[in-house]
């Protein structure tokens with residue numbers, strides 16, 4: 001028996017720290033931000049992460065002789081300092097693709113973050129980024145439809161889509177809920193949506209809501225001549241109930257359903273995405289609970305990882321924050337998410353938080369959704385940041401209009417079309433935002449009132465989770 005298989009305990013770095021290793025194109029690469037306990041060498045901390053997230057255990061075991069450990073083990077091949085942080089460092093780890101079940105995001109996350117975060121040798125650990133090899137991506141179904149198909153289904157081109165969450169999000173009866181949906185859609189929105197925590201409560205059972213929403217959509221389409229939709233939340237207590245709700249939405253001829261992908265889980269989400277593809281249904285994804293996982297700058301999973309995983313698991317729209325609204329997220333970081341959702345190839349760019357080149361092959365893109373504390377004054381910045389392949393959702397910024405939800409929807413539609421027209425004419429819409437909106441307000445009393453109502457409303461808080469750049 002060779003020395004390395006002698007019984008006992010040995011340091012992780014003897015096996016899992018391999019600074020001379022050159023990653024293969026087929027390797028899954030991960031970047032962890034590590035903060036070790038005082039006195040533990042960086043190489044030992046990084047190697048421990050590589051070991052526990054792949055083949056390692058705390059003791060040398062005889063059964064290692066029954067496999068090729070050198071082939072299957074994760075390898076920490078590089079360590080970098082974190083700019084501006086003397087306590088933490090980046091550990092870059094390569095995993096052979098055979099460690100993971102083909103196309104299973106659940107299995108990837110179970111391996112990479114399932115147990116290692118509880119290590120005593122670590123004070124903090126954060127998964128910053130993953131490079132999925134194209135061989136793994138080809139095993140994932142991805143978005144059930146994608147951006148181009150969704151535009152064709154909804155017959156909407158050349159601009160961002162407009163939506164809003166129904167407010168109050170809890171407490172309305174099914175009939176009154178449908179009434180609010182109708183007001184928003186007839187006013188000019190493309191979509192309305194259930195909020196993340198609307199499922200099937202005593203005040204509003206899901207069948208009742210679905211039926212009244214379907215009626216509201218039909219009336220709004222007849223009145224406006226436009227295709228409309230509402231994100232019907234099918235998230236449920238069991239997969240069987242989830243599919244029952246999805247099937248009922250299909251029976252009502254609805255174009256889109258919704259899922260809370262983190263609370264619902266990646267297994268449920270992947271299954272629902274495949275159902276949507278088979279049944280011609282669009283799938284909106286809410287990220288409820290994400291900040292519990294991604295907001296701490298030293299511990300958890302960065303949202304760019306969750307966004308990548310969602311694109312692979314499947315969804316046609318995903319919330320990404322707004323930059324300018326009430327939710328966390330700076331501009332460069334958010335642009336990094338948007339790139340990962342929509343582009344076919346995303347180069348390494350630390351200024352946007354992307355640690356690796358990411359080739360998405362021919363996988364369809366996902367609409368980026370801006371939602372949370374936005375109103376008409378934000379419209380120029382939103383159009384500039386998110387571009388056309390996005391959904392801009394104004395909840396309070398629609399329903400809070402003094403003349404009601406229909407007027408709020410009309411104000412948002414006029415503001416959007418004014419910004420798109422100005423952009424297409426070559427104007428710098430962020431610099432000229434006030435002039436563009438005030439000019440449009442002269443021809444729209446709904447917009448003029450909205451501009452006056454929201455003129456003092458700002459959310460100027462510093463970002464907690466900032467990019468680690470010099």
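Backbone N, Cα and C define each Cβ position, glycine as well.
Taken from Swiss-Prot, the feature substrate binding site applies to 115, 165, 169, 287, 319, 371. The annotation active site, proton acceptor is assigned in Swiss-Prot to 167, 286. Positions annotated as Mg(2+) binding site by Swiss-Prot, on the basis of sequence analysis: 193, 195, 196. Marked as N6-carboxylysine by Swiss-Prot on the basis of sequence analysis: 193. The annotation site 'Transition state stabilizer' is assigned in Swiss-Prot to 326 on the grounds of sequence analysis.
Here the features listed in Swiss-Prot are placed on the structure.
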{"residue": "115", "record": "substrate binding site", "DSSP (3 states)": "coil"}
{"residue": "165", "record": "substrate binding site", "DSSP (3 states)": "strand"}
{"residue": "193", "record": "Mg(2+) binding site", "DSSP (3 states)": "strand"}
{"residue": "286", "record": "active site, proton acceptor", "DSSP (3 states)": "strand"}
{"residue": "319", "record": "substrate binding site", "DSSP (3 states)": "strand"}
{"residue": "371", "record": "substrate binding site", "DSSP (3 states)": "strand"}
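Closest to residue 286 (active site, proton acceptor) in space, going by CA atoms and restricting to the binding-site residues 115, 319, 371, is 319. Proximity of residue 193 (Mg(2+) binding site) to non-local residues of its own chain (separation of 6 or more, Cβ distance below 8 Å) is seen for 163, 164, 165, 166, 230, 231, 233, 258, 284, 393, given in sequence order. Excluding 193, 195, 196 themselves, the residues of that chain whose CB lies within 8 A of the CB mean position for the Mg(2+) site are, in sequence, 165, 166, 169, 194, 197, 198, 231, 233, 258, 286. Within 10 Å of the Cα of residue 167 (active site, proton acceptor), the following binding-site residues from the list 115, 195, 196, 287, 319 place their own Cα: 195. Taking CA atoms as the reference points, residue 319 (substrate binding site) and residue 195 (Mg(2+) binding site) are 12 Å apart. Separating the Cα atoms of residue 196 (Mg(2+) binding site) and residue 287 (substrate binding site) is a whole-number distance of 8 Å. Residue 169 (substrate binding site) sits 6 Å from residue 195 (Mg(2+) binding site), taking the Cα positions as reference. Working note on the recorded positions 167, 169, 286, 287: by count of other C-beta atoms within 10 Å of each C-beta, 286 ranks first. Take 115, 165, 169, 287, 319, 371, the residues named in the record as contacts for substrate: the widest Cα to Cα gap among them comes to 37 Å. Rounded to a whole number, the distance between the Cα atoms of residue 195 (Mg(2+) binding site) and residue 115 (substrate binding site) is 32 Å. For the binding-site residues shown (115, 165, 371), fewest C-beta neighbours within 10 angstroms: 115. Geometry remark: residue 371 (substrate binding site) versus residue 195 (Mg(2+) binding site), CA distance 11 Å. Distance between Cα atoms for residue 287 (substrate binding site) and residue 195 (Mg(2+) binding site): 11 Å, as a whole number. Less than 8 angstroms from the CB of residue 195 (Mg(2+) binding site) sit 165, 166, 169, 170, 233, each of them six or more residues away in the same chain. Most buried of the binding-site residues 196, 319, judged by other Cβ atoms within 10 Å, is 319.
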